Amino acid sequence: MAAAVSAALSLPSSSKSTSLPTRTSIISPDRISFKKVSSFAVQRGGSWGKGGISESPGDDRGSGEGEVPYREGQSIGVIADGVDKNGKPHKLRLYSIASSAIGDFGDSKTVSLCVKRLVYTNDQGEIVKGVCSNFLCDLKPGAEVKITGPVGKEMLMPKDPNATIIMLATGTGIAPFRSFLWKMFFEKHDDYKFNGLAWLFLGVPTSSSLLYKEEFEKMKEKNPDNMRVDFAVSREQTNEKGEKMYIQTRMAQYAEELWELLKKDNTFVYMCGLKGMEKGIDDIMVSLAAKDGIDWLDYKKQLKKAEQWNVEVY
Ligand SMILES: Cc1cc2nc3c(=O)[nH]c(=O)nc-3n(C[C@H](O)[C@H](O)[C@H](O)COP(=O)(O)OP(=O)(O)OC[C@H]3O[C@@H](n4cnc5c(N)ncnc54)[C@H](O)[C@@H]3O)c2cc1C
Ligand SMILES: NC(=O)c1ccc[n+]([C@@H]2O[C@H](COP(=O)([O-])OP(=O)(O)OC[C@H]3O[C@@H](n4cnc5c(N)ncnc54)[C@H](OP(=O)(O)O)[C@@H]3O)[C@@H](O)[C@H]2O)c1
């Protein structure tokens, strides 16, 4: 059976971090504290393929102050221990970072991931375990993990503190949005105070897989004017027509409102998770745009160009 786990990888501190810009960031006492978090020491991995840890500051470099600085919306690569069937080291797998730049403990020394354990039955009827997800899910506290990166520009969080940010996630696609939302609502920064609207749609199969639900509810309770959360629980909920409640089915219930928001210059949409969600969301947008005589695909191109429509699906 598949299971989602949350773990914090701890990054060694480094004297190099002093060259990064300093900033005042503290974690709000309102955050949910972890009951079960595993910590893992991480080796530096500058030479592992394309995603090697950046040595020189640049646009992509994060604003955390640990040895692996990253920005909200980036991913890291993980190389599982061991070798593949050809005796070669395993290839890296990417994981979206689920913590904000300063990490869940506010000290820039950890990075949190939300990993689904992949287990499936192949055509021969054998049970197959995914290499890296099982490696991560089975790690013991204190184990060393080879990581690369950070990488990724598509999902970077908008800088505008007054933006409307619409986040569309399925399953573990929630990871980058947890990172955004912690920065918005659980932390205090001297250069960023979110005062816009953060609207999260999360699609999962069952209510037991509603990842980070308590955290999101806490954020919403404290920031009722700045946050909205809508869940789509596909195997337990249906719409009024009896159709399966996918993320796009839930969005369709707010179609007009979403379309109005999409006409604003400071609305940014982010989509992360299963590839199939993209078409489903396009389908509802096509009919909405058409009501205003707009061709959705053309409109989406413009939004993408303006970095207002950002998609990382897999
Ligand atoms: C940018 C990005 C971010 C990502 N972020 C996350 C994240 O935050 N959390 C997360 O859990 N994952 C994430 N992933 C996916 C992750 O990178 C891995 O692909 C995933 O964990 C599986 O890797 P694995 O090594 O366990 O499986 P592998 O050993 O690589 O096995 C996967 C392969 O198994 C086969 N397979 C899988 N399911 C079946 C099936 N039902 N039937 C037959 N064959 C099958 C497919 O060939 C598939 O390619 C992300 C991917 C990308 C590209
Ligand atoms: N940055 C990234 O690119 C990134 C980050 C994290 C995860 N991922 C990828 O995202 C995927 C998430 O998988 P998961 O196993 O974590 O998810 P999951 O827990 O299985 O949840 C996926 C949800 O989406 C629903 N769904 C299925 N088909 C859909 C469709 N066409 N449109 C809308 N919703 C649909 C599923 O419903 P039913 O199962 O009931 O049909 C389920 O409710 C994985 O492929 C993972 O590798 C990518």
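In case you wondered, yes, glycine gets a Cβ from its N, Cα and C as well.
For reference, TrEMBL has these:
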| type | residues | note |
| --- | --- | --- |
| BINDING | Ser96, Lys116, Thr172, Val204, Pro205, Ser234, Arg235, Lys244, Gly273, Leu274, Glu312 | NADP(+) binding site |
| COMPBIAS | 58-70 | compositional bias 'Basic and acidic residues' |
| DOMAIN | 19-157 | domain 'FAD-binding FR-type' |
| REGION | 1-23 | region 'Disordered' |
| REGION | 47-70 | region 'Disordered' |
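Only Thr172, of the binding-site residues Thr172, Arg235, Gly273, place a Cβ under 6 Å from an atom of ligand 1. When every Cα pair among Ser96, Lys116, Thr172, Val204, Pro205, Ser234, Arg235, Lys244, Gly273, Leu274, Glu312 is compared, the largest distance found for this NADP(+) site is 27 Å. Here the Cβ of Arg235 (NADP(+) binding site) has 12 other Cβ atoms within 10 Å, regardless of which shown protein chain they belong to. Within the group of binding-site residues (Ser96, Thr172), the Cβ with the highest number of other Cβ atoms inside 10 Å belongs to Ser96.
Neighbour counts were taken as the number of other C-beta atoms within 10 angstroms of each residue's C-beta; across the binding-site residues Pro205, Gly273, the minimum falls on Pro205. Gly273 (NADP(+) binding site) carries a strand DSSP state (E or B).
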